[in-house]
Amino acid sequence: MAASELYTKRARVWIPDAEEVWKSAELNKDYKNGDASLQLMLEDGTNIEHKLDPKTKNLPYLRNPDILVGENDLTALSYLHEPAVLHNLKVRFMDSKLIYTYCGIVLVAINPYETLGIYGSDIINAYSGQNMGDMDPHIFAVAEEAYKQMARDERNQSIIVSGESGAGKTVSAKYAMRYFATVSGSTSEANVEQKVLASNPIMEAIGNAKTTRNDNSSRFGKYIEIGFDTRYRIIGANMRTYLLEKSRVVFQADEERNYHIFYQLCASSHLPEFKMLKLSSANDFLYTRQGRSPVIDGVDDTKELSSTRKAFTLLGINESNQMGLFQVLAAILHLGNVQIKDRDSDSSIIPPNNGHLTAFCDLVGVTYQDMSQWLCHRKLKTATETYIKTIPRLQATNARDALSKHIYAKLFNWIVEHVNKALITNFKQHSFIGVLDIYGFETFEINSFEQFCINYANEKLQQQFNMHVFKLEQEEYMKEQIPWTLIDFYDNQPCINLIEAKMGILDLLDEECKMPKGSDDSWAQKLYNTHLKTCSLFEKPRMSNRAFIIQHFADKVEYQCEGFLEKNKDTVNEEQINVLKASKFPLLVELFHDGEKAISPTGQVPGTGGRTRLSIKPEKGREKSSKEHKKTVGCQFRNSLQMLMETLNATTPHYVRCIKPNDFKLAFSFDPKRAVQQLRACGVLETIRISAAGFPSRWTYQEFFSRYRVLMKQKDVLPDRRLTCRNVLEHLVQDQDKYQFGKTKIFFRAGQVAYLEKLRAEKLRAACIRIQKTIRCWLARKKYLRKRSAAITIQRFTRGHQARRLAKFMRRTQAATTIQKYQRMCVEKKRYRQKQAAALVMQTILRAYMARQKYRALLRESKVVIIQKRVRGWLARCWYKRCLVSLVYLQCCFRRMKARRELKKLKIEARSVEHFKKLNKGMENKIMQLQRKLDEQNKENRLVNERLAGLENTYTTESERMRGELSRLRGAEEDAKNKGHQVTSLLEELEKLRKELSSTQKEKKTIEDWAQNYRSEMEKMVSELKDQNGSLKKEKDDLNRLIQEQSQQMTEKMARAILEETQQLKTDLNEERSRYQNLLTEHLRLEEKYDDLKEEMVSSNVPKAGHRRRDSTHSSNGSEYTYNSEYAELEDGSRAGEDVTRGMDTSLTLKLQKRLTELEQEKQSLRNELENKEDQFQRARARDDVEFKKARGAELEYESLKRQELESENKKLRHDLKEIRQSLVGNAATGAGAPGSPAYKVVLDQLNASCEELEVRKEEVLILRSQLVSQKEAMHHKDEKETMTEPSVYVEDVSKLKDAGELKQAYVGLKDTNRSPRFTRKPLEVSDLLSRLRSAAPDFHKLNEDGELWLVNQGLKETIRLLEHQLQTQRRGYDSEVESLRGELQNVKEENNRQQQLLAQNLQLPPEARIEASLQHEITRLTNENLELLAEDPTASREARVIILRRMVDLMEQLEKQDRTIRKLKKQLKVYSKRIGEMGAGQTEGQTSPGQMVDEPIHPVNIPRREKDFQGMLEYNKEDELKLVKNLILELKPRGVAVNLIPGLPAYILFMCLRHADYVNDDQKVRTLLTSTINSIKKILKKRGDDFETVSFWLSNTCRFLHCLKQYSGDEAFMKHNSPRQNEHCLSNFDLAEYRQVISDLAIQIYQQLIKCMENILQPMIVSGMLEHETIQGVSGVKPTGLRKRTSSIADEGTYTLDSILRQLSAFHSTMCQHGTDPELIKQVVKQQFYIIGAVTLNNLLLRKDMCSWSKGMQIRYNVSQLEEWLRDKGLMTFGAKETLEPLIQAAQLLQVKKKTDEDADAICSMCLGLTTAQIVKVLNLYTPVNEFEERVSVSFIRTIQTRLRDRCESPQLLMDTKMIYPVTFPFSPSSLALETIQIPSSLNLAFLTRV
């Protein structure tokens, strides 16, 4: 396809622009051949006509598709030209905030003028080990490529960092060195990598300065060689410097500064150690104030000097030398302030006593007179004589400045030399990586000698760069077998020849310097005459005869000839140098003597005079000839540059081109003009031009097929991908020259990929149109059908509605007619009924009135008689009933009080009986006491019966008396009837009776009035009491509710506080555990490094003939393993140490020891801190307990006060009752207290009130006691809890009161509230009561009308029956208690019989079994008692439990003593029996036959039966310990053990051996066995630490060994999980708690080793399986890749898939399960695995722009679901592994969600809680559409996200820490396997072990 065919309508092109360099436009119509112009429309909508060049007819550059914009590699662009490169860099820099971009082999770095968080250790770890094209462009990727190629190709590498001032060269070089220092480390603890990094602040201080373009511009070039050993670890470095800008010492332009070190000294002049330098502000010195910009914004020179001094110290420059350096620098400043005045036109003079010159002489140790003389004079020598000549002021000033520059150059070289000494080590260098930080191409308004040298160096570097790029292109073509055609590229060799060839510019300059009267003008004329007509690259300015122009590769530069000769000569007055050499200041003397040894200043014999010529950098280690002594600066620079080029040509170069985006140092501001200038100057565009000249776009066959599958038909797809691609390309692209087929890739000419992308987009657009058409048709038809259905439905409902309205109208009309009819009828009927009712009412009222009048007259006459008759009877009956009720109630109350008192006594006695019964002491005495009390109760019952009998007799007597009185009255009545005829006497009697009746009526009225008043008072009092009772109940309910609410709130508050504190303690514990485990890791690393160093020292110092074998030199026929415990190791270490220390660096040893000491101290401090945390927790818990007890004590005090008050009131009431009884007894004879009397009524009321109050008080007392009991139980339950959390709080509102005073006040208030007026106000005092009792009683016989006394008698009978019922109830209670006591007595007897039987059985058992049986029985008995006590009385149960525990402890101690005694006796018995057998063997041999020996009785030795069984121990000899360790640990194959034997078998065997050592009480054997085991495990892990099966196997066995030590330690916390048989196997002599800690630390180290091993295995799989591999085929679209992807560092090792990861995870899981790893530990391992997978995947996603797309998000979601499915299959979903993938899941969701509106931003903020703000913004910036139909994320949307996430408090770290390891815990997991059942297989070769 012709290129002109691409210029169609809507095609986008680039046109030149004066402001933006290039501007984008769009064609309005197609271009046709022969058109003189193009019709274009700019992006702002402006239409323009772009005219084509009539000569060349070159069309404007085409613009790349949007999908290719923002690529990581510029070579991936389809159209490779300047505007495409510029636009791509701008988009990445401005929109995506990406400062790095690849351009083939070049890394383009744009200075952001802002601190970015992309250089941390996490970023370094992410780039470490990665291929260069796999990650986003970064300086770390270039450094990793260099490091990897050095290790792979064993070829030295170079990183060339170039760019103009302010572009960021120094920072890039610094980060590259930091990367090498981090990823490689050093071979020793000499901190070489830190020294390499520490050289940066020193060189910046003395070699960097502020310029108009850069605040930290390097004014010299440097090449740092970082040396590596055979393991590619840093061993040292060396620095070479080039062309220091010495003129800056004495002159600075406006807005510039001198070197930083001068300003740092001036800013720190106030420090005490700098007082002697006599410095002040920088504005006071000529050399620091010329630029009028002494301060840099944001830079503290005082702090910078502190950093410089620290760097000096780290590099070995001591304080004295530092102060010497500062003295020299201060002297330079003082020398610049020395004023020289004119004496005459040919001479000058320094005024006497010049302060600055005096300070200079004092600082450098020279005399004032000599220095002042030679500053104004010079010595001239001829062949015959020597004379001194004065010089004018201008020459004297120049000589002063030359001396200052010379001193500074010497000081600079001295510092560089000492830095190199500090960086050089004694180790042999195997390879190196050089970092070249050199000035870029410079062009200013005035360019002098310095700019000439700089541009000359850049010409050489550009030539080397062009050749390297050309070579790489040629290699790529030849590798793919593509026909190679020569590519024309710019060759700058003519320019280099102009400068350095014979009769070149430098040669003519040196020749002019040798001329006696040479000058800049004469040199310029020689240049014009030599090169102006012969070289096209050399030009002469039109308006000047003292300048020349050179056409460099970047641009034309005009150089001013003034000063060239002087700078090239670099002369200084020799006499001034001699004065300085005679200085008393040793450092100054050392500076100039070192310079004299290296290069003689004059090249003549000292003392002959002449000018001084100086080099910029002396060459060390070479002997200089006299010819070399005379070399000029230009000659030396040319030679050093030649050496640099030789070095670079001998290495593999890597290029970093730094770009300065603007001249104003604005953050992320891009100036296209400045950028294009630098791109042209640094060679980036030349690289693009070379690539574009051939086949720039290159695709693999698989990538091409995946991308352009849509352009193929089904019939075109063949099994052979290569053939398919060939057929499709031949069909799509007709011109065969536009592409070439390589071995693995397809090569395209420029623009062809864009053409294919256009075809692909058109195909997809047509497919989209078809899909849209079909969908829109379907949607329209669906909408039509929905509307049609809706219309039919509306019609149906409308018609129905109208019909219902018509029916409703008809019903309403008919209803209205009916309503009217019935309403009229009702009105008429109502009117009639009203009239009828009115007539009836009138008749009724009239008749009723007449009837009532008549009735009232009759009733009034008849009722008078009835009232008189009934009133008398009613009054008498009322009085009798009241008296009867009062009497009965009084008797009931009195008897109830007596009965309750007796009941209370009986309850107390019953409780005492139960107490004695629970304690099981003195059972017979208890029964006798109970029997005695039962007899007393019987006696009391008899007394009560007698009393009842007396009351019955009294009742009978009284009844007889009343009957007699009744008969007497009847007789008198009959006599009165018989004597009725006596009228007179009857009338008198009648009169008398009338008087008595009137007096009786008066008395009756008085009594009725008193009774009425009393009744009203009582009713009033009862109502008041009811009201008070209601209010009190209400208050009580309110208080109870308030107390419950406060208690609930306090409980919830305490629960929340406890939960928060628990969570905080858990977090602190995890942090402490993590720090502790990290320290263990560091300790292990230091131990391994120490061992490596020791082995290296031994191998290097010991002769080969006698060297000790290492693991790699072991042979199968060698001697046995000679490792023998820690003592042998110490001896070997000491012997090896004697050999090592002779060659070892003492400082290294001291640093190692110091580091180990610090680690131990830190470890101890962490342990102490952990203990302090635990102590704080315990103290907090104790403090809470104290507060709780204090609150409970206050509450108890409150309740005791209340109880005392109630008891006092009770006593008072009893006293009143006693007085009343005494008064009643005293007046019983007079009959004043008889029933029915007013006094008796008063007494009865008083007694009722007292009894009621007494009952209320008793109820309160019982309530208080029940509360006390419940709270005591709660406190006991709290004391029994042993959990880590706080106990439940049983605190009521009383606990809020602080002290006893508040409690008393609260109680008084409560008492006043609860006290009733009924109890506070007495109706009658005692005195009134007694006076009433003593008053004369009325005649009660007159009140006996209507049988009132009989009623009294019936009341007494009811009272007696009530008392009898109560007595029977008490009797039944007593009988039930007696029966229960008898039952308990029977139980005690049965228990006694059982104890006797058990005692008899125990006497028949052996002693050991007897002790065990008795102990078991005692425990059972005490347990039963404890349970009974706990059920009956919690307080007593606690005391009993304490007693039981004490008894159990005593029994256990006795048992242990007896066990130890038995063991000793057994040992003695074995020894004696062995001796007897040896002694009797010879005597019985030959005398006794075997049969006789069998029949001979055995010696009676009491051996326990359990000794016959296997005890689960293994016995071995001490000399077999090495064999045990060797066979069981060092030479054991994990795979065979895991498959054929039980899991954890080595751990069981080791523990059984340990048990035997404990059994025989051999502490030495225990110690050596444990030490050998631990050291052997460490050794095997060090040897095979990268084998997962080995590490997993020993992790499982170490944990099992640790669990065995816990399970059989004898601690109750562990023994409760054992069986009785396992508890017999517990260790008895040694406490191995400390060794448990050591083994736990070892298990932690093994766990971390396991995690590292798994990480090393999984790391290569994760990125390929989770990100790169297409699990869902066809979802991801492949975009064109650049050169970096094509030239990866390593060859393809095979593609890993997600299935590979799942298979590896399954292999890990099955291996750990086979080895018997604890399930909890497996869960922790899997959680760590998933964290590593999630972290590595997310980190790579954040660093790879090509992975941030919608389709990749879908791919990640699917992969994560597969991982979750794996967890579900393994049953591991509920322990946190899935949560570790949450950040990755959210990142995948972020790639898939919509990213346009504010609602989308809110959704993203609420969804991505597991991602930090930096990660979210990074993903959004990296989001790259794969197809044209996807849209990029707008900058405004990203700003919206940043604004909404601004308030998040989170770490600014971008990447997740892949090295983070969760703290591991080893939960106790007891084994159910019995030790005595374990069998040792013969394959382990452990036949020397004996089962015991």
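Every residue gets a Cβ built from N, Cα and C, even glycine.
Summarising the annotation, TrEMBL assigns ATP binding site to Gly163, Glu164, Ser165, Gly166, Ala167, Gly168, Lys169, Thr170.
Feature annotation from TrEMBL assigns coiled coil to 913-1096 (among others).
Residues annotated as coiled coil in TrEMBL: 1149-1264 (among others).
Per TrEMBL, coiled coil is recorded for 1371-1475 (among others).
As annotated by TrEMBL, compositional bias 'Basic and acidic residues' applies to 616-626 (among others).
The compositional bias 'Polar residues' annotation in TrEMBL covers 1114-1125.
Taken from TrEMBL, the feature compositional bias 'Basic and acidic residues' applies to 1132-1141 (among others).
The domain 'Myosin N-terminal SH3-like' annotation in TrEMBL covers 8-60. Under DSSP, the residues of the domain 'Myosin N-terminal SH3-like' (8-60) split into helix, strand and coil as follows: 0 helix, 24 strand, 29 coil.
What TrEMBL records for 69-761 is domain 'Myosin motor'.
Annotated domain 'Dilute' per TrEMBL: 1571-1847, in sequence order. This prediction places the mean pLDDT of the domain 'Dilute' (1571-1847) at 86.
According to TrEMBL, the feature region 'Disordered' maps to 600-629 (among others).
Feature annotation from TrEMBL assigns region 'Actin-binding' to 641-663. For the region 'Actin-binding' (641-663), the residues of the chain that approach it from at least six positions outside its boundaries are 89, 93, 103, 105-113, 139, 142, 145-146, 149, 153, 155-169, 172, 176, 213, 223, 240, 242, 434, 436, 440, 456-457, 460-461, 464-465, 468, 669-671, 674-675, 678-679, 682-684, judged by C-beta separation under 8 angstroms.
Annotation source TrEMBL lists region 'Disordered' at 1099-1141 (among others).
Highest local Cβ density among the binding-site residues Ser165, Thr170 belongs to Thr170, counted as other Cβ atoms within 10 Å over all protein chains shown. Here the region 'Actin-binding' (641-663) has, by DSSP, the following mix of helix, strand and coil residues: 9 helix, 8 strand, 6 coil.
Ranking the binding-site residues Gly163, Gly166, Gly168 by the number of CB atoms within 10 A of their own CB puts Gly163 at the top.
For Lys169 (ATP binding site), the same-chain residues that are 6 or more apart in sequence and have a Cβ closer than 8 Å to its Cβ are Val161, Ser162, Gly163, Ser218, Asp437, Ile438, Tyr439, Gly440, Cys658.
Residues within less than 8 Å, Cβ to Cβ, of Glu164 (ATP binding site) and separated from it by at least 6 positions along the same chain comprise Arg213, Tyr439, Gly440, Phe441, Glu442, Cys658, Lys660, Gln678, Ala681. Within 8 A of the CB centroid of the ATP site residues Gly163, Glu164, Ser165, Gly166, Ala167, Gly168, Lys169, Thr170, the other residues of that chain are Asn111, Asn214, Ser217, Ser218, Gly440, Cys658, Lys660.
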